[in-house]
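Database features, via TrEMBL:
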DOMAIN    147-215  domain 'WYL'
DOMAIN    245-324  domain 'WCX'
Amino acid sequence: MAEYQIRIDRLKQLESLIPVHLKKEDCPDSGRLLTSMAGEYELKASRRAIQRDLEALVKERRIEAVNPGGKPLRYRRLVDAEAVDPRMWDYARRLMGSLIRDALPERRFERIWTKLREDCDEYGLGEDKLCILSDSQRLLPADIREEALAAALEALSRSRSLQAAYRDRDGKLSYPTLHPQALLQRGPRIYLFALKNEESEPVRMYALHRFIRAKLGDGAARIAESFNLKEAIRKGQGDFAGDRQIELDLRVRGYVAELLRDCPLSEDQRIEDEPDGSAFGARVRATVPDTGQLLRWVLGCGDNVEVLGPTKLRDVLTSQTTKAAALYEGTASSLSPASE
């Protein structure tokens with residue numbers, strides 16, 4: 001390797017070992033750095049040699065001396081406003097891996113994760129120190145044929161049509177020519193927004209796991225001029241958001257009260273302690289989208305949440321919980337051992 005490249009790599013490695021967020025008195029000096037880099041900093045010269053490298057990093061404004069004129073000089077790494085701290089990048093990379101793992105079959109995940117880790121340095125944030133857990137029930141991803149997903153992605157990226165064999169939820173098999181508009185990952189399932197055959201509307205949603213076969217078509221995909229992915233999601237397609245905002249009014253207790261103090265429902269959330277003697281711990285008001293996700297979240301909170309408003313949502317919850325309770329009426333007595 002050329003000498004200049006060795007020096008570039010050496011300076012980069014030295015820079016990475018100098019922390020960003022430390023008090024002045026805790027920042028390392030040249031002696032501490034030289035000691036801590038034994039076995040990984042390949043500089044065989046004296047302390048003066050490492051000092052020259054530190055001076056070069058200061059000149060390039062990659063680090064700073066936090067105690068100018070002090071003995072010994074102590075150093076802190078500077079962070080460009082556009083730069084990303086390497087440990088934050090390592091965390092983000094592992095977060096991406098966690099999200100990908102929830103969405104892909106294990107074999108496909110391992111291939112992608114291996115690629116994601118290529119040419120990446122390790123910063124000590126392994127599985128023994130960092131764990132990322134989903135806050136919802138993890139489902140296995142839908143069984144999607146990899147060639148169908150690859151064909152859909154290629155058709156989208158090249159604005160080409162897609163020849164498909166598709167089995168709908170009723171089991172009916174058809175062979176449409178699709179004109180892809182967008183792709184949506186919703187939890188463990190993937191949906192393709194597309195025009196069908198010669199239709200100019202509507203833009204339909206096709207579940208990728210229902211594709212039996214798919215290949216790139218011969219012609220260009222027709223574009224649905226009125227379609228906008230963000231607008232479609234905002235209006236409720238895919239059930240991620242709704243077109244209507246509601247003023248949510250809740251009483252909460254237990255883990256939900258603690259959760260909403262840490263992680264608000266919205267930017268305008270207001271939370272107040274409930275009066276003494278109340279069965280609940282806090283009153284929460286927030287402006288949120290009216291979605292199926294919201295309904296499922298409230299139902300999942302059980303008796304730790306009471307919806308006070310809007311009335312329509314409270315009525316829906318009353319109906320849903322009544323139906324659910326009816327499923328379990330008499331269950332305890334029917335499952336308990338018969339008394340003698």
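Placed from the backbone N, Cα and C atoms, the Cβ positions cover glycine too.
Break the domain 'WCX' (245-324) down by DSSP state and the numbers are 35 helix, 25 strand, 20 coil. The helix, strand and coil residue counts that DSSP assigns across the domain 'WYL' (147-215) are 15 helix, 37 strand, 17 coil.
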